[in-house]
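Worksheet: one structure, shown below.
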Amino acid sequence: MAPIRLLVGCVLALQVFTAALALERGCPTGTGNNTYANPALSLPYDGYLPAIDNETMYLHHTRHAGGAINNVNAILARYPTLRDSVTLADLVSKIGLKGFTHKYKIADNDTTALRNNAGSMINHAIFWRIMTSYNTSSPAAHLQPDLSALINATWGSPAGMLDALRSSASSLFGSGWAWVVYRSNGSLAIVNTPNQDNPLMQRFAAPATHGTPLLGVDVWEHAYYLRYRNVRASYLAQWVYLVDWAVVQRNYELAKAGSIDSLYC
Amino acid sequence: MALALQARAASLLASQRLARPIAGRRAVATKALELKSPPYPLDALEPHMSKETLDFHWGNHHRAYLDNMNKQIAGTPLEGKSLEEVVVASWNNGNPSPVFNNAAQVWNHTFFWESMKPNGGGAPTGALADAIARDFGSFDKFKDEFKAAGMTQFGSGWAWLNADKSGKLSISKTPNAVTPVVEGKTPILTVDVWEHAYYIDVRNRRPDYLTTFIEKLVNWDAVASRYAAAQQ
């Protein structure tokens, strides 16, 4: 029966394609021990110069972000239902909420550990995706009229938005991240979160910081210390040249649709 | 010497007191608080903590906290106060003002430099050693617990060994600039676990840094003096 063979063939091909995509995105594959992987960066480690040096990218990607992924896998091994039925973005959004904790019977220390490590995972996933080669992406080339108008209305211009982001990132004391977020009322805002918290975190992020991240910048010292030492402002002044405006636009469209692209499923 | 909030305790940072304007005369310009150097040359902790780390950590980070604090308090009622007074006032009972982060970090870092010495490490002796054995089970268990505190302070912060007036010891950890001083405790030892404290030397390997700190850098004489002072 040719049509059925064709159909079966298509379904199989789709499954293989999806699995390959899942692997590429570092998602649990639904096979074996069902763990998250650390997807490769879109550029080689030295591809972010002169803003970020290759040793920093290597350490950041493999040890800091990679370590968090290993930690998440170790924790989720003890919560197979949670692991298999909740996406990373959903986990990050709901970790710490009473109903979520109760549903998956998550111990308090694991809530803390997931806050820190799954937070780190999603933060870095957003971060890697939002960066491209230095000074190769422009807002004019990639922002659609709706987002462009919204940015201009809020900050005067994309440059104004980046200035405000840098200001927020500079003022953050200790470790954390600064973000441009899309709020549920359709507005944009710049917020920052401490440590590895993410604006998606309903329970742990301060209400004023809630939203869907469109872009974020890491200001933990490990993100810039090797090249910039204590001069965070110099790092930020260079980092803004890495922003991939096509991804900003894509993240905005996903956010409007109630979704988030974090590289992970 | 241990810092105590009790009145009349000797100030750790007495050398940083300001000249006070003389009432009834034309006001003397008040000097800003000054940066106290570590009690050893910046290369003296090598190979355990590099000169480069000290150059940046003391010369840039610690100095910046001081400069920023001085700018923040200039022309305010906090100008002219001792560092400890600025720390407590800016903590504002748990609702800290922007001054706190800078003031507390000035205090914390001086306390940290003075917690270390060249050819440090080894083990404490005397009353302090006895108290450690009593309160933690053994020196090894104390070391493990102190290192665990440093490891588990997520993000930036500090790990501390504290003593109460009866001589009982406890380990604590604090985020960012928070110091046990504002929690009513008397610290006698600290280790900085902000990434800038160890990234030049060991990159992300905070456990290695903590082990080196405990085994090679701790100034147990200073800790013992602070311990004695805490009980007075």
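Backbone N, Cα and C atoms are what each Cβ position is placed from, and that goes for glycine too.
On a predicted model such as this, the values are computed, not experimentally measured, just so you know.
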Inset, instruction - For the Mn(2+) site that TrEMBL lists with A:His60, A:Asp218, A:His222, give the additional residue from the candidates A:His124, A:His142. - result: A:His124
Inset, instruction - Restricting to the same chain and to sequence separations of six or more, state which residues have a Cβ under 8 Å from that of A:His222 (Mn(2+) binding site). - result: A:Thr56, A:Leu59, A:His60, A:His64
Legend entry - Of all listed binding-site residues, namely A:His124, A:Asp218, A:His222, those lying near chain B with CB under 8 A: A:His222
